[in-house]
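Asks: Pulled these from Swiss-Prot:
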- 26-46: transmembrane segment (TRANSMEM)
- 51-71: transmembrane segment (TRANSMEM)
- 99-119: transmembrane segment (TRANSMEM)
- 173-193: transmembrane segment (TRANSMEM)
- 224-244: transmembrane segment (TRANSMEM)
- 279-299: transmembrane segment (TRANSMEM)
- 315-335: transmembrane segment (TRANSMEM)
- 360-380: transmembrane segment (TRANSMEM)
- 407-427: transmembrane segment (TRANSMEM)
Amino acid sequence: MSVIAITVFIVTYALIASDRVNKTLAALTGAAIVVTLPIINSEDVFYSHETGIDWEVIFLLLSMMIIVSVLRQTGVFEYVAIWTAKRSHGSPLRILLLLVLVMALGSALLDNVTTVLLIAPVTLLVCERLTINAAPFLMAEVFASNIGGAATLVGDPPNIIIASRAGFSFNDFLIHLTPIVIIVTVVLSALLPRLFRGAFAVDPERVADIMSLNEREAIRDRWLLIKCGVVLLLVFVAFIAHPVLHTGPSLVGMLGAGILIVISKLERSDYLSSVKWETLLFFAGLFIMVGALVKTDVVNQLARATTTLTGGHELLTVVLTLGVSTLVSSIIDNIPYVATMTPIVSELVASMPDQSHTDILWWALALGADFGGNLTAVGASANVVMLEIAKSAGTPISFWEFTRKGIAVTVISIALAGIYLWLRYLVMS
């Protein structure tokens, strides 16, 4: 069964990468095959935490899509778009750098998918006003999102899994991972002009038009904006405090979305029209296929085969953990991969001869899984959401267009992460 699961996954992945077949149709077809055979049964699909659909991700996405739909009715995205363009004096590069920094910071404090859903509409409006291609902006922002999400415990779901297994606190992530995230973000910002060379030309007349606009006139419903602001603030506080509240982000998001639906008194079409149902179905199909790989022990065997190559050598173990985490997380969702790897890393930590700085293996796992999401268009949930937003806005980004840029960003990010881990934990310690 493992051979069939691998074959179905590879064929489906190839179809998605070809951009010739609708990726949602490909994912659902692959999912239907592994369920029909049956490699994985309906009980596993709908109820298993290890092999089933990650409902936490699905409902978090749905709730934030609804919140963004309600927020869009206020005109606040137009306001922020005009404000950003004016403060940057219409310079596309300055706008991009500002949005990248906001995205990285936001993804450290919130789930990176949430940050993407909030910032992407602003980006599209800015680019529309300046009549420039939004694709480089969207790609740069999602790169920053995946990098920034590694900085804190709440920034990316794999960090929560690692923290639970290793006993790390919120402050542990701040102390150990935030420094390298800052370094990589700065390097990414410096790399962007070269990575997207020629994407920052703008018509001076469009800049003059932007500078003449009054952003306050963009607000259409101030009272609804105040309501949305209060609800969003409460949602964000609950996101950050969820380790204390023991409440999942999806439940918090759904409560926030439900409250906004009630108090906004909008028509159903106003808040459901912007929900990316196709994206949600794509994730469901992807989770089912990855679940089949987990169920047939493919992911576990891959992880164990990698660890046997290290022979207990500390530096080699770190390099392999970082490298394999990067590669595997670029192909399958990093959540099931990290969930599979944590018990193996725990065994490795216990078997290491030198117990003085074994935490390095956990940080290698976290950085590889988080940074590896930038390698391909399906490497992270935020990537898929951003590509769907771009497609809906009439600025489609192909799988290979994203991946070509993602390879450069990931290679540099992982190289810096490897040097950081080596210097901080194996040399300076």
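Note that Cβ sites are derived from N, Cα and C of the backbone, with glycine treated the same way.
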Asks: Taking 3+ C-beta pairs under 8 angstroms (sequence gap of 6 or more) as contact, is the transmembrane segment (279-299) in contact with the transmembrane segment (99-119)?
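Replies: These two segments do not touch.
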Asks: Within this structure, do the transmembrane segment (224-244) and the transmembrane segment (99-119) have 3 or more Cβ pairs under 8 angstroms, counting pairs 6 or more apart in sequence?
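Replies: Contact confirmed: at least 3 Cβ pairs fall under 8 Å.
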Asks: The transmembrane segment (407-427) vs the transmembrane segment (315-335): three or more C-beta pairs under 8 Å (separation of 6 or more)?
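Replies: Checked: the transmembrane segment (407-427) vs the transmembrane segment (315-335), in contact.
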Asks: With Cβ distances under 8 Å as the criterion, find the stretch in 51-71, 224-244, 360-380 that has the most pairs with the transmembrane segment (315-335).
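Replies: Counting Cβ pairs under 8 Å, the winner is 360-380.
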Asks: Counting only residues 6+ away from its ends, which parts of the chain sit with a Cβ under 8 Å from the transmembrane segment (51-71)?
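Replies: Those are 40, 44-45, 77, 111, 113-114, 117-118, 121, 157, 224-225, 228, 231-232, 235, 248-251, 253-254, 256-257, 260-261, 264, 266, 270-276, 279-280, 283-284, 287-288, 291-292, 294-295, 333, 335-336, 381, 385, in sequence order.
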